[in-house]
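A.B. asks: Below is a structure I'd like to ask you about.
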Amino acid sequence: ATCDALSFSSKWLTVNHSACAIHCLTKGYKGGRCVNTICNCRN
């Protein structure tokens, strides 16, 4: 639940998307972003 835990965003930074992307990178994906509260990894 990377997108729930850190879901705060500002004009400059969206922390949940970064956390999701890092989560996906550690799993061998090219990155990812949050869609609602679900972290979607890119292949």
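A Cβ is built for glycine as well, from the same backbone N, Cα and C atoms used for every other residue.
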A.B. asks: From the list Cys20, Cys24, Cys34, which cysteine is recorded by Swiss-Prot as disulfide-linked to Cys41?
C.D. replies: Cys24
A.B. asks: Between the Cα atoms of Cys24 (disulfide bond) and Cys34 (disulfide bond), what distance do you get, rounded to the nearest Å?
C.D. replies: 11
A.B. asks: Going by DSSP, is Cys39 (disulfide bond) part of a helix, a strand, or coil?
C.D. replies: strand
A.B. asks: About how far apart, in whole Å, are the alpha carbons (Cα) of Cys34 (disulfide bond) and Cys41 (disulfide bond)?
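C.D. replies: About 9 Å separate the Cα atoms of these two residues.
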